[in-house]
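Undergrad: Below are the features listed in TrEMBL for this protein:
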SITE      Arg16  site 'Transition state stabilizer'
SITE      Lys23  site 'Transition state stabilizer'
SITE      Arg154  site 'Positions MEP for the nucleophilic attack'
SITE      Lys210  site 'Positions MEP for the nucleophilic attack'
Amino acid sequence: MSQTWLVVPAAGQGRRMGADKPKQYLPLADQQPVLAHTLARLHRAFPNARLVLCLDVDDHWFSPRWVPFTDWQRVAGGSERMDSVLNALHAMAAQDGDVVLVHDVARPCITQGDLQALHHAAATHPAGALLAMPVADTMKRADKNCLSARTEPRDGLWHALTPQGFRYALLRRALETARQLQTLVTDEASAVEALGESPQLVSGRRDNLKITHPDDLALAAAIMASQAANTPDGL
Ligand SMILES: Nc1ccn([C@@H]2O[C@H](COP(=O)(O)OP(=O)(O)OP(=O)(O)O)[C@@H](O)[C@H]2O)c(=O)n1
Ligand SMILES: C[C@](O)(CO)[C@H](O)COP(=O)(O)O
C-alpha cells in the first residue's frame, strides 16, 4: 500500500505582500496564521499522511503548535520554490510509488472536495495531476510601457493551482533534471512536462486563492467565512 506524502513549501519571504513578516505568518480567520489554516485543511483530508514542511533556515516565526500532523518533519527551504520542494524530496524516506502532493502554504482556502479529487487523479494518472482552473478573462499581452500590445488566444489556457500530485520517483526525477539543466520552474507540473509527460488537469474551485498581494488577505478571509457558512460538513 503506497504512502501519501504532503510537501508544503513555506520558505518564501512574501516580498509582494510587503508585510513585516512572511505572509504565511499573517493572521487570518480567528487570528490563526495562514500556515495554521492551510495545515489544518490538509490534515482534515489526509490525517495519516506524512508532512514535510519547507521552512527558511532563518525562520523565527514558526511554531510546532500549528502542526496537527503526528508524522511530520521540517526541511530547509531553498533559494527558489523548486529548490525547497527538491530539498523535501531528498529528505523523505519515500518509496518510488508513493504519492506526493505539493501544496503552497499560501493557499489556505483549499477544500476537502478538491483535495480528494486531486489525490485520486494523482494516484491513478501515471503522469500525475494538478488542480487548475480554465481562464475566464480575456488575456492581454503588455508591452514594456504597460500598453496592450495584443490579445492572446485563451482557448485551452488554464491557471495552474496547487496541490499538484505525482509518484515520488517521477517528481524527483523531474525536478533533478530541471536543476541539472538550470531550468527555473515555478510549479512541479512544468518539470514533469519537460520530461515529455502530460499531467492531468483537474478542474478546481475558483476560490483556491494564493495569498500574494496585500488585498488577498481580506479576500481569503471572506472566502473562508463563506465556505464555513455554506459547507455544513466542514471545509
Ligand atoms: N524559496 C521559496 C519560495 C517560495 N516558497 C513557497 O512557495 C509558495 C508559492 O510562492 P509565492 O506565492 O511566490 O511565495 P513567496 O515567494 O513568499 O512570495 P514573493 O514571491 O512575493 O516573495 C509559497 O507558499 C512560498 O512560501 C518556498 O517554499 N521557497
Ligand atoms: C505553484 C503555483 O502556485 C501554481 O500557480 C505558482 O506557480 C507559484 O508561483 P509563485 O511565483 O512561486 O507564487
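For all residues, glycine too, the Cβ spot is worked out from N, Cα and C.
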Undergrad: Which recorded sites out of Arg16, Lys23, Arg154, Lys210 lie by ligand 2, going by a Cβ under 6 Å?
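TA: Correct list: Lys210.
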Undergrad: Would you mind checking how many other C-beta atoms are within 10 angstroms of the C-beta on Arg154 (site 'Positions MEP for the nucleophilic attack')?
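TA: I get 13 for this one.
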Undergrad: A 10 Å Cβ contact count, applied to the recorded sites Arg16, Lys23, Lys210: which residue has the minimum?
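TA: Least crowded of the recorded sites Arg16, Lys23, Lys210, by Cβ count within 10 Å, is Arg16.
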Undergrad: If you measure from the CA of Arg16 (site 'Transition state stabilizer') out to 10 Å, which recorded sites from the list Lys23, Arg154, Lys210 are inside that radius?
TA: Lys23
Undergrad: In Å, rounded, how far does the Cα of Lys210 (site 'Positions MEP for the nucleophilic attack') sit from the Cα of Arg154 (site 'Positions MEP for the nucleophilic attack')?
TA: 21
Undergrad: Measure from the CA atom of Lys23 (site 'Transition state stabilizer') to the CA atom of Arg154 (site 'Positions MEP for the nucleophilic attack') and give the result in Å, rounded to a whole number.
TA: 31
